Amino acid sequence: MASVHEKLISTVADCAPEQPRNKVTVVGVGQVGMACAFSILSGNYADELALVDVLEDKLEGEMMDLLHGSVFLKTRKIVANKDYSVTANSRIVVVTAGARQQEGESRLNLVQRNVNIFKHIIPQIVKYSPNCVIIVVSNPVDILTYITWKLSGLPKHRVIGSGCNLDSARFRYMMAEKLGIHASSFHGWILGEHGDSSVPVWSGANVAGVCLKSLNPNVGTDKDQENWKDVHKQVVDSAYKIIELKGYTNWAIGLSVADIIESLVKNLGRVHPVSTMVKNMYGINEEVFLSLPCVLNNCGVASVINVTLADDEVAKLRKSAETLWNIQKDLKDV
């Protein structure tokens, strides 16, 4: 007797299932990982989404929760497993897993613990998806992007740190709020190391091509009577404030990662301030990753925009590079 399926559906052609073209994997299903996953699904940037974590129950629960929203999504396949074989043939892999800093722990010790975690994660990613682009989100992101590059053996253009893409978005939002315009209409960049020592590029900050420096030569400096410099301090402090209020940050970084992924999968050639190898740029001689304006397309970082920076901005970039290198040079097993 024919089944309901056989009575309902008549096969016209036996088509072999093809490999996904835009498969995205998210490693780590914590608050940040799931915000990335949700933003990727909402933007319809993947034809398959894979989730990986060591916590099997949470992993299965998150997958089920997303699958139950399938009617509202355009990503047909969502899979999850602690085994990295589930990530096979990924075009992009987003790494959000990592150790959190413990009270009183040195930055070097935190990074070394993350090296040990990444030594398990990164080779597995490359084993199953040797042609992927890796986006590192885990903090400290610039050092962990360097570690990922070293452990993966991938060319530098295919290892990207989320870097200052979010810092710049926060900067644009806060500056636009003060000016009474939409965030997308203020053009400004934060470069260098993600976080406390990031570098606001006041020399290029503009609205409709009108540089703020041309209106106030002291903008962003200690001599500025309008104290625009305080906006960058708010950008740096904002993550701490959110963590104080809700315990973690996740939505904005999730949206930021999805923004980067859109440029990659759609081959857009958009410019993003993301973490990339900066050796031999701006007088930096060490192998460190910092955020510079990068053109992103389907191969990863296609090129870097050579921004003309003020002398003090270059000095701050070099200082960031020196700080990172002083930690990296003492790492073991990289």
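Residue positions begin at 1 at the first shown residue.
Just so it is clear, glycine is given a Cβ too, placed from its N, Cα and C backbone atoms.
Listed features, source Swiss-Prot:
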type: BINDING; residues: 30-58, Arg100, Asn139; note: NAD(+) binding site
type: BINDING; residues: Arg107, Asn139, Arg170, Thr249; note: substrate binding site
type: ACT_SITE; residues: His194; note: active site, proton acceptor
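Reported as a whole number, the C-alpha separation between Ala50 (NAD(+) binding site) and Asn139 (substrate binding site) equals 22 Å. The closest partner of Asn139 (substrate binding site) among the binding-site residues, by CA position, is Gly30; the full candidate set was Gly30, Ser42, Val54. Checked against Ala46 (NAD(+) binding site), the binding-site residues Arg107, Arg170, Thr249 differ in C-alpha distance, with Thr249 being the nearest. With respect to Phe38 (NAD(+) binding site), the closest of these recorded positions in Cα terms is Arg170, chosen from Arg107, Arg170, His194. The Cβ of Thr249 has fewer other Cβ atoms within 10 Å than any other of the binding-site residues Asn139, Thr249. You'll find the Cα of Thr249 (substrate binding site) roughly 11 Å from the Cα of Gly30 (NAD(+) binding site). Arg107 (substrate binding site) sits 24 Å from Val54 (NAD(+) binding site), taking the Cα positions as reference. Under the DSSP three-state reduction, Ala46 (NAD(+) binding site) is assigned to coil, being neither helix nor strand. Cβ packing within 10 Å was compared across the recorded positions Arg170, His194, and the lowest neighbour count falls to Arg170.
Taking the C-alpha positions, the distance from His194 (active site, proton acceptor) to Met34 (NAD(+) binding site) comes to 21 Å. Among the binding-site residues Met34, Ala46, Val54, the residue whose Cβ has the fewest other Cβ atoms within 10 Å is Val54. DSSP assigns Phe38 (NAD(+) binding site) to a helix in the three-state reduction. Reduced to three states, the DSSP call for Arg170 (substrate binding site) is helix.
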